[in-house]
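I have placed the structure first, in the form of structure tokens, so that the comments after it can refer back to it.
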Amino acid sequence: MSRNDQEPFLVKFLKSSDNSECFFKALESIKELQSEDYLQIITDEEALKIRENDKSLYICDRFSGTVFDHLKQLGCRIVGPQVVTFCMRHQQCVPRAEHPVYNMIMSDVTVSCTSLDKDKREEVHKYVQMMGGRVYRDLNVSVTHLIAGEVGSKKYLVAANLKKPILLPSWIKTLWEKSQEKKITKYTDVNMEDFKCPIFLGCIICVTGLNGIHRKTVQQLTAKHGGQYMGQLKMNECTHLIVQEPKGQKYECARRWNVHCVTLQWFHDSIEKGFCQDESIYKAETRVEAKMVPDTSTPTAQSNAESHTLADVSHISNINGSCVNETMFGSTTSKLECSLENLENLDISMFQAPEDLLDGCRIYLCGFSGRKLDKLRRLINSGGGVRFNQLNEDVTHVIVGDYDDDVRQFWSKSSHRPHVVGAKWLLECFTKGYILPEESYIHTNYQPAGIAVSDQPGNQTAVLDKSGSFSKSALVPAERLQQADEDLLAQYGNDDSTMVEAKLSEALEPEVGPCPGSAHREPCDDSTHISVQEENKSSVSHCILDDSTVREEGLFSQKSFLVLGFSVENKCNIVDIIREHAGKIVSLPSRIVADYAVVPLLGCEVDVTVGEVVTNTWLVTCIDNQTLVDPKSNPLFTPVSVMSGVTPLEDCVISFSQCVGAERDSLVFLANHLGASVQEFFVRKANAKKGMLASTHLIVKEPTGSKYEAAKKWSLPAVNISWLLETARIGKRADENHFLVDNAPKQEQVLETKIPNGVSSNPDLPAHPDAHLEIHRKKAVTPLDMNRFQSRAFRAVISQQRGQDPTFPPVRQPLTKEPSLHLDTPSKFLSKDKLFKPSFDVTDALAALETPNAASQKRKLSSPLSEVIVRNLTVALANSSRNTDSHSASPQLKGAHLEEEETRKPLDSVVVCVSKKLSKKQSELNGVAASLGAEYRWSFDETVTHFIYQGRANDSNREYKSAKERGVHIVSEHWLLECAQEYKHLPESLYPHTYNPKMSLDINTVQDGRLCNSRAPLAVSASKDDGPDHLSVEGNETNTMGTNDKESPLLNGSGRDDCKGALTQALEMRENFQKQLQEIMSATCIVKTPAQKTCMSRSSCNSASSTPDSARSVRSGRSRVLEALRQSRQAVPDVNTEPSQNEQIIWDDPTAREERARLASNLQWPSDPTQHSELQVEIKMPDDSPSRKPVYHSEIAEQASCVTQAPGHPGSEEPEPPVAERPLIPEPQAPAVASPLAKPPVAPQPADKIETQEETHRKVKKQYVFQMSSLNSQERIDYCRLIKDLGGSVIEKQCSDPSCTHMVVGYPLRNEKYLASMAAGKWVLHRSYLDACKTAGRFVQEEDYEWGSSSILDALPDVTEHQQKLALAAMRWRKRIQQSQESGIVEGAFSGWKAILRVDRPREAGFKRLLQAGGAKVLSGHPEPLLKDATHLFCDFNKLKPDDCRVFIAEATAQNMVCLKTEYIADYLMLESPPCADNYRVSEAALFHNKKGGPGLPQKRKTPAENVVKRPRVH
């Protein structure tokens, strides 16, 4: 429907069967004004075919239905017929609105909304715009009407003073409904007075101090004008309190609850003026002047009392008189209550202090009675303080009047001493509006003599822990006394930091208690700590400083907080912490919108509006790093969603690594809440004496560290933090395979806290993997944390004694107020004219650091050294040279940068597990496997590829059955030993678990690709630096060109020429070598199938320069194997030597020759096409190629767009030499396809070539059902999301599915999914197809991204010859089957076959699915009628009883059925022409066939033409 630029503007009328009369009037009116050439009348069907916004004007009669929604989604300009008639009548232009316009009833109306919820506001906006009106979110002079949900907002007050109509949302709804019914033509046709906003809408009014008549009048008028009257004052419900006089209980509560306290005049003026008045004008307040004279004529006793200085007061104390600081007493004014005149007559309402002034203060009153006590109680309640009726250790302040002996006894006995102050401190705090330092108001009876408050070590706890007033104190420096009373100082000498640390630890502790069953609950000192560096505060805070300075320059200055969901004690602690860092606390109810709501880790209900909801973990992290951290940078900073009532991790024992600080504490709590047991040490076996359980999971951030290595060694899952969060979210144990830390990209740290100033909560420190930049915390793992010491010299000495390099962490920013207070550092006032050089006696310091828990803290995190020497020395040596760089999963270009790579070992991709039956040899066999590059497992798991077992053919051993069901290789121990002796990856089928070397045939002459793929080095060139590129021709699966490890990373022009010459030379060498091998094969007496000859012709030996390995690990037993392993590395065989030259010349034994032929045919390819074949180690993945280069999937798409696809033989094309000009940009680790598409496509964009409507319709209905194979888990997740976003579906099965239409594979493998897709003629695509779909935003054409197309194979230099055959075969079958389907014949690759399967049961289902995918009919059972109908019999008698096999084959041969090996199925698909069936005939069937056709047996014999297996009718 697109039009040319010269085409004029079109008006399209959408015609339907129920068009109204107005529709036809509009059509006639436009016809009178404009030519019919510019008018179009379209139907609903034509409208649905529109695929883009063609800038036309659409006239729709109904603003609902499928057609309207379709045009609206395309962004078309839509108006109703009433708009056309209105514009014609008034000679106006049709409005150019981005939204549909139904009529013009509100054409000159501009609306703004206030006090409406989001859904209601959006509904009002939609209706106004559809009726031709305009909408402004802000109130300005253009607004004509205000739509209000309730009164009292700023918009409401401004609009009311400007005399603008303030209406209800129902006015808009009524206009829309009446316009639909064609009852109105203008908004003025509806009476606005009926929809005027009531004066007190949304107000809940309560009164106090009014008489009965006035109260009754207020109640009636409130209900009449839309308000609600309430007799009782209720918190969070009442909005206004009408006050006669500003006093009374209701008034006090209303002020505390932020209820508007207004006079009665406010009520009457609101009714008189017609709108709710501003409450601030009518605020009920007390007079400023306070009554200082009693109401009665009788004077009080204290009114005439004289003030005395403390020097004039005689007081006897039990404190040593020599410790009295006379200077302090002489300069201090009276603190006694005698100076507080008229406390009984004090008017509390005169104070204008904030309602949360005393928040966090727990106050005990003593020595007061009567009206004084009542006044102080009311004062404390109005300030938000907590009053205690009994004196205990939770009290932070004691306000004393008369002397109280109970307080004195508590003071002398308790180690926790609250501030004992007079009532004047409380009154002056209310007068100034903030908490004043208590030191100046401490009662003389309860003040330690001679020790300034700032210098008391023990008092730091009280100062910081209780009121947070330490940083606000106006401290007076005093001379420190040389000697004091020993008994008194003993109370303060305990410099135990745990008292200080306990507070923030309690604040961090979530509200849910510890779960039972936890193996090890984290101790208190492993929670969030405040460092002992806080002691320095007393020495740097000797300046008199105003409170406002601290509040303005603190961490949380100008930030408001709302604390919800915590217990009273924890809430008080958190409030103190926030206030200490200049934050403001918002109490409920309040109209202030807090910046942050601090809630527990598991969250709580937040029913008020706040900026962001954060957890206490975020709060502690901000304090640790002294900066405001982004709450979105870590999922623990916001409430974690947890399914309640379930504990999915009850049987799990979890250990954490690389998690420190508040993050670790939160994760430990979360794990305990989910039922898991958390323990510090990561152990494999339980130890009841030490209270340790066997670990089941390790949660780690990065795949490094001793715990991670132990997890890999023990085959325990090492997952990231996301696993724990996902388990909490879904309420069941998440799949660990999706969250393995190995699968996560290195550059992506999901839970790493990103700090703006560069301080990270998890810095990467290789020397100290557990080091963490935090101030208030000790490490939980490291027994002796060097980073806790400030002295670099001290840390250096400790490092030398521990045998480590003195690696110092980055400079840390301590949590102190010095930067904001602009104070000098301690070094400046310790001594101004001397350089401070501390010296340490390291011996004494280290001895002092020893604690009773040191022994338990120094437990080894790994196995004993003796065990490592005995079992793992070879493993360490093998792993030390292993290349750990992870390759991209995408095809990569040839580049000039060549990385040095160690020679790969024979069993690099193998994971072995030794049966418990061979437990005595397990350590020895594991060592042999590790020396060959294989990994080993102590217990069988899903990662094992080879199970080493020795037993009978049909053994009933449980381990054997499990391994057999998994489909892994079950081999004899001799296979591993022979691999070590030959230093080759020998075929597994030659060494079954029943293998007995004394009863086995000599099969050294039978070699397939893996035998020749020897890792033993061959010296092709003696030059190490300047020689030509080495030729590396792998076996039947590898055809890659390796380059010299010492080659220059950049290729200039001459380098390219040399490369081309070397490449040509290498090809010639390979060709000559293949000819030699063919001659050798033809000369031998062994009968080989053509497929085997092809395999042997491709075989070659790996050539690379190497040197013998040094020092193998010492092992007991089988030294012959290790000695042979060393000698095999030094041996340099001749390239031109035939494989059988080293054998003795013997006579030709026909039976032995036949057995060798049978074994050689088994070596050709594994006969199991099921999903387990993906684990076959003989399939060499492209990652093994040493010349792997990065390539972009987008480059493949670009190449595919400009390549004319022409079928050609892959063997005729020469490999492309490396191109230096190609950009060497590495590909990302994983495809970034997780983000949803910006605009989901409505339909695919039109193709370049012209298509008929029928083709387009068929294209739209094309199904996209995907399956994936040989992709890693992250790619599967990302691609699944992309496919679903594009409208396709994904089948996540491990086996093939007939409903699949597209198969996306990483690399072609001879497995069930790939072969079944090939047999069914389905699309077999490269992963770059999905990347191209993501770029285009739709499913694109598949031809250029199909495996086998030149655009894919040319861009993938490391595709082996075997993979290339598979790719070309898939494309060939797809074209054949599609051509037959287009001609009306629905067939597959096996159409016409009627097959019977005689294979072992675990593999039968895979073969059945494969045959059925290709159109074959699989017959079950073997009755004689079925044998008559069947055409093929596929047998694999290795695991079946020989007697049954012979009987069955005899019956099948009698019915002239073709009895073939299962390998025939895969080769039938792969080869261009059908393979010869005789080469795959079962040997037993051949014997019966010969007997049957012998002389004297006149039975029917097939002609040679009939002996060939039928080819299906697919051309």
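Just so you know, glycine gets a Cβ as well, placed from its N, Cα and C.
Note that this is a predicted model, so its numbers are computed, not measured.
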Record feature phosphoserine (Swiss-Prot), assigned residue among Ser890, Ser1185: Ser890
Annotated motif 'Nuclear localization signal' segment (source Swiss-Prot; candidates 466-469, 1166-1169, 1490-1493, 1510-1513): 1510-1513
Candidate set Ser538, Ser761, Ser862, annotation phosphoserine, source Swiss-Prot, matching residue: Ser862
PLDDT averaged over the residues of the domain 'BRCT 2' (195-284): 92
Residues in the domain 'BRCT 7' (1255-1347) grouped by DSSP into helix, strand and remaining coil: 40 helix, 16 strand, 37 coil
